[in-house]
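Engineer: Sharing a structure, written as structure tokens. Questions coming.
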Amino acid sequence: MELYSLTIHELRELLKKREVSALEVTKSYLERIKEVEPKIDALITITEDFALQRAKEADEKIKNGEDTALTGIPVIIKDNISTEGIKTTCSSKMLENYIPPYNATVVEKLLEEGVIILGKSNLDEFAMGSSTENSAFKTTKNPWDLSRVPGGSSGGSAAAIAADEAAFALGSDTGGSIRQPASLCGVVGMKPTYGLVSRYGLVAFASSLDQIGPFTKDVTDCAIVLNTIIGHDPKDSTSLKIDKPDYTSYLKEDIKGLRIGVAKEFFGEGIEEGVKETVQESIKVLQDLGAEIIDISIPYVEYALPAYYIIASAEASSNLARYDGIRYGHIAGKYEDLIDMYMVTRSEGFGKEVKRRIMLGTYALSSGYYDAYYKKALKVRTLIKNDFEKAFEKCDVIIGPTSPTVAFKIGERANDPLAMYLADIYTVSVNIAGLPGISIPCGLSDGLPVGLQIIGRHFDEGKILNVAYAFEQANKFNAKPQAIGGAR
């Protein structure tokens, strides 16, 4: 068994017993990256020298008995999360050479724990997309089938974990950008409750929806990472003050008698038959474990997608106004006056999808259309939140498919934005309501991974992880991607 194929808790066991060193673990991952990265293109930056230096420091910590649950564990960070002294591009020409002078709060927390940063992962430009095809630099391939997308926008992070390029990765989720690629790549991906993890240092897309979360190889690892990255941060005005639980303590609780809601709206038109069948089999697994399955309805969830694209695009058009060519980022080479400089800078710096969303958002916020679009979308948001609250009166968690399809072919939806947007049809409502959700692999359809989404009440990550762990132990999904030469 190669070191790079192990989980966080397996690696920590070896590191604690001093059977391996953090340096050996890091070298194992760096070799793995050299082997598979040319095939999958998951990374924008590889920080080899920094990683080796950090590994030596981690070994010192372990030797002195100062290690924690993540000391010596290698991570990959999505390239829209600020890393001091390491390029943070957002996969955009606009920030192609931008090096942040500070770390995001989540990065700071990981570094304090002795985590080793191996590199930064590819994404859809400014996290806008569902396939990682919108990157200005490269298209990431799915390790299960190199002709298919890994999902998005955190496709680089998901593909990296599926291909064993790191023990875990960080992503951001605005409308499904952690859960959908986790589903398509057959890994665990969690979007925590809005406000639970600091957004300080995350390059903003839609500030009322964005949330940072982990990609891991199993549910136990997800709980371990969550323990470290949550917590109040005065630098983020939306960060919440709550008692920090130990999420690993929830994992082994019995789910007998737990009420699991199955919403009919998550099995409607557009879902692939193979995905539907695999998820229905998963529901049966949970029923056999003693959970009570309850049919529920979330009526307004069918309006979540249009409401999401209006709200997210409106916030993006405001957030991206800061890229003007003056303070940092790309600047036009030739221009006639100040207004021309703004226009040329933004025309050159932003890609097609980012421009599309800025235009959509600006239109929705314009005086003649504000009431008809943006205000209406905010009302729909409230209705969706209310629907979830009513549903949670009848059940403890809600489950369904993460994505209506398995990974689709690269280029297949490139010229059809609507088909691309539909990839997030089951995930956006969770962001709109600010709820926590996880995607865990539950089986294969046509040889490609299917994700099971588990949604909980606000701050009920413990219960979500409990259900996910119980399912994982019973289901024993252990298929591995073969397209890159039999990873894991």
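Each Cβ is built from the backbone N, Cα and C atoms, and glycine gets one as well.
According to Swiss-Prot, the record shows the following:
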type	residues	note
ACT_SITE	LYS78	active site, charge relay system
ACT_SITE	SER153	active site, charge relay system
ACT_SITE	SER177	active site, acyl-ester intermediate
Engineer: So how many other Cβ atoms are close to the residue listed as 'active site, acyl-ester intermediate', meaning within 10 Å of its Cβ?
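Structural biologist: By my count, 37.
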Engineer: What is the Cβ neighbour count of LYS78 (active site, charge relay system) at a 10 Å cut-off, with all protein chains included?
Structural biologist: 31
Engineer: Roughly how many angstrom lie between the C-alpha atoms of SER153 (active site, charge relay system) and LYS78 (active site, charge relay system)?
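Structural biologist: So the Cα of LYS78 (active site, charge relay system) lies 10 Å away from that of SER153 (active site, charge relay system).
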Engineer: Once the chains shown are all counted, how many other Cβ atoms turn up within 10 Å of the Cβ of SER153 (active site, charge relay system)?
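Structural biologist: The answer is 36.
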Engineer: Could you give the Cα-Cα distance between SER177 (active site, acyl-ester intermediate) and LYS78 (active site, charge relay system), in whole Å?
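Structural biologist: Given the Cα positions, SER177 (active site, acyl-ester intermediate) is 11 Å from LYS78 (active site, charge relay system).
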